[in-house]
Amino acid sequence: MSDQAKHAQPKRGRKAMLILLTIGIAIGILFWGGFNTAMEATNTETFCISCHEMEVNVYQEYTDTIHYTNRTGVRATCPDCHVPKDWTHKMVRKIQATKELYHHFKGSIDTPEKFEGERFRLAQNVWSQMKKTDSRECRNCHEFDSMDYTEQENRSSQSHQQAEDAGLTCIDCHKGIAHSLPMQYDPEQDAPGKSSFYSRLDDPHGQTISPQEQ
């Protein structure tokens, strides 16, 4: 083998490696772009209500709440409240959500009657998860540290300050804020820590539990 041929082999090897590396990077970019696009597509309100059971039940309730329509025009959509913002927790939630596909195709809650039969259990699952995360998704918009209590109504100001002092989190008081509370729900049994600290508002099936006036 000539000296020229010996020198040509390493050059061809480096060129092949460069080509493979370029192809690999291109494939990686395309894969990540497709993956991210799919992630974002499944993180929209439109996707959430594409299932019949969501559109005819909880979505209709949500459209009658302040999270849907309000004086400032700021809307909190399904993923804002039910999907974490940070990538790691978002991925975990997406993986967990795959089991919901089984119940979708099985038709576990595909009628209003079936949904009402499962509402309390489903609500408890969501409440428990939000409690574990210190109402993480709520606090993307609402933080005690950012509240100006002087700008709030007396009742709200007092309630929020009491909740902060007691180490409570949003979901402790604001169950049913965007969806109807289950008929089986009893606020007296749900009071965190002190049974006398919380009371139902005038409507026995209202949307919020509030600390009693002290």
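Placement of Cβ uses the backbone N, Cα and C atoms for every residue, glycine included.
Cross-referencing E40, E100 against the heme 1 binding annotation in TrEMBL, which names C48, C51, M54, picks out E100. Within 10 Å of the C-beta of C51 (heme 1 binding site) there are 16 other C-beta atoms, taking all protein chains into account. Site extent for heme 1: the farthest pair of Cα atoms among C48, C51, M54, E100 sits 12 Å apart. Sequence-distant contacts (6 or more apart, same chain, Cβ under 8 Å) of C170 (heme 4 binding site) comprise M130, S135, C138, R139, H142. When the binding-site residues C48, M54, C81, C138, C141 are compared by the number of other C-beta atoms lying within 10 angstroms of their own C-beta, C141 comes out lowest. Working note on the binding-site residues E100, H142, C173: by count of other C-beta atoms within 10 Å of each C-beta, C173 ranks first.
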